[in-house]
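Student: Annotation comment: Swiss-Prot describes 311 as active site. Annotation source Swiss-Prot lists Zn(2+) 1 binding site at 139, 142, 161, 164, citing sequence analysis. The Zn(2+) 4 binding site annotation in Swiss-Prot covers 258, 261, 266, 271, and the record cites sequence analysis as its basis. Per Swiss-Prot, the feature Zn(2+) 6 binding site maps to 325, 328, 335, 338. The feature region 'Disordered' is assigned by Swiss-Prot to 1-25. Residues or ranges marked as region 'TRIAD supradomain' by Swiss-Prot: 135-342. Here Swiss-Prot flags 139-189, 208-271, 298-328 as zinc finger.
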């Protein structure tokens, strides 16, 4: 089965890994030396793309460990070697050239084998005589004479001593992943250097580095896998599309990211909006907007001047020294009063527009940044809760930690909701940046209503987890506090908040065209938290 046709397995965060932890004592394919590939090891032999398949109504992806990547590589190498009747070393060269796309390789090979051989550097016959009778052979690099055993060649037959081969290949490995496609040292020769030569002449540390590049090439050169961007994580994610617009995936290291752009998970906001927003946060253009909004140019030298006192009599700094009125920008020497109405000139209009743009951007950015910092704080609180405080609560309440998992669920829900809420402000910023028409105002109103409901629910949940729950941790417990009531309250708030945000995400994914909580979607809140109606209805203006 080719890599391009391989099925993808669905995975949900928190479930057990789909692969076994088989041994990784791997034997070289041909030489028998230790290497990354073998039939002798049992690296994830239970890997089965059919097992544990979840409904295709959700996005399909699978988190893959390095040993599983090795097995997938080995399977592709063996398939190509069998189908094309070439050695496994040549299979590796071909797969690297075709970026591990087995189907494309096989199609083009059977269409024009000779052209493919020449393109990748696999020669059928050497270009120099390798069957001579001379005892000593001159190295093509150092020009010293060596015995046949001290000389090594690739398919072209050009002779080089093993010492020169070692230096040549080691230099290529130190240069980076380009070492996977090393050619013969002869400048005019296009013959490729295979893994058999790498194994023969390189030291262990260089060989390990080479095979590290080789392993990573399966993910980085292909189109279906990407490495988890979390620092230190060695998992990759294989992805398949089933019609959903979200690319968010959850790695086994617990890091959630967008598979498409490799930024933090940002559903339901699309990658383009995220890219524009992050770029805007770094863009120096906001500095120019601030200058336009908060300063006026000196009428004489045109340098921007910020007014920092109450008086309208302004003096430009040296060497200009121009005196003028801040209100009307006229020289003070012939200035009487500037209380007559004057229509805004072009510069004043620009300043007002710049100030409006800054105020609008600041409004959304502050809320985006607040939810980001709140999310990071919640992640820190969860870590502290799981490592210290959960055990304290378990001891105080004489309850197993497994029965207190609802507290962890609450914190996880808070973290996820902060993430979603953060990106709604980036989404909202670009809605208001569009043409002012009825549809845009309707979408803005819908977003405001949905996010307000969700944010209010989140704040109540966050307060309960951060303040009320922690009141039950300490050396002395207030007997007036009823932990059972808090348990029910926290569970209800977690469910209600989850429903709010599911509706918000659905509304954003649908473009806020159909935003309504009907009777079947009513959200019931704990009576202790609100006196308002338990059923809310939101309708758009569209």
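Just so it is clear, glycine is given a Cβ too, placed from its N, Cα and C backbone atoms.
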Student: Neighbour count first, Cβ atoms within 10 Å, every protein chain included; then name which of 142, 161, 261, 311, 325 tops the list of recorded positions.
Tutor: 161
Student: Using C-alpha atoms only, work out the spacing between residue 271 (Zn(2+) 4 binding site) and residue 328 (Zn(2+) 6 binding site) and round it to an integer in Å.
Tutor: 46
Student: Mind checking how the zinc finger (298-328) divides into helix, strand and coil residues in DSSP?
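Tutor: The composition, in the requested order, is 0 helix, 9 strand, 22 coil.
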Student: If you skip the near sequence neighbours and keep only those at least six away, which residues in the chain come within under 8 angstroms of residue 139 (Zn(2+) 1 binding site), Cβ to Cβ?
Tutor: 145, 146, 151, 159, 160, 161, 164
Student: What same-chain residues, at least 6 away in sequence, bring their CB to under 8 Å of the CB of residue 266 (Zn(2+) 4 binding site)?
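Tutor: Within the chain, residue 266 (Zn(2+) 4 binding site) has Cβ neighbours under 8 Å at 248, 258, 274, 419, 423.
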Student: Suppose the Zn(2+) 4 site is 258, 261, 266, 271. Which further residues of the same chain have a Cβ inside 8 angstroms of that site's Cβ centroid?
Tutor: 247, 260, 262, 263, 265, 269, 270, 274, 275
Student: Just name the most isolated of the binding-site residues 164, 328, going by other Cβ atoms within 10 Å of its Cβ.
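Tutor: Comparing Cβ neighbours within 10 Å for the binding-site residues 164, 328, 328 has the fewest.
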Student: In angstrom units, rounded to an integer, how far apart are the Cα atoms of residue 328 (Zn(2+) 6 binding site) and residue 261 (Zn(2+) 4 binding site)?
Tutor: 50
Student: Please identify, from the binding-site residues 258, 271, the residue with the sparsest Cβ neighbourhood, meaning fewest other Cβ atoms within 10 angstroms.
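Tutor: Counting other Cβ atoms within 10 Å of each of the binding-site residues 258, 271 gives the minimum at 271.
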Student: Nearest to residue 325 (Zn(2+) 6 binding site) by Cα distance: which of the recorded positions 142, 261, 311 is it?
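Tutor: Answer for the nearest of the recorded positions: 311.
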Student: From the centroid of the CB atoms of 139, 142, 161, 164, the recorded Zn(2+) 1 site, which same-chain residues not already listed sit within 8 A by their CB, in sequence order?
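Tutor: So the additional residues around the site are 140, 141, 143, 144, 146, 160, 162, 163, 165.
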Student: When the pLDDT values for the zinc finger (298-328) are averaged, what is the result?
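Tutor: Mean pLDDT for the zinc finger (298-328): 79.
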Student: Taking helix as H, G and I and strand as E and B in DSSP, count the residues of the zinc finger (208-271) in helix, strand and coil.
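Tutor: Summed by class, the stretch gives 14 helix, 15 strand, 35 coil.
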Student: Roughly how many angstrom lie between the C-alpha atoms of residue 142 (Zn(2+) 1 binding site) and residue 261 (Zn(2+) 4 binding site)?
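Tutor: With the alpha carbons as reference points, the distance is 48 Å.
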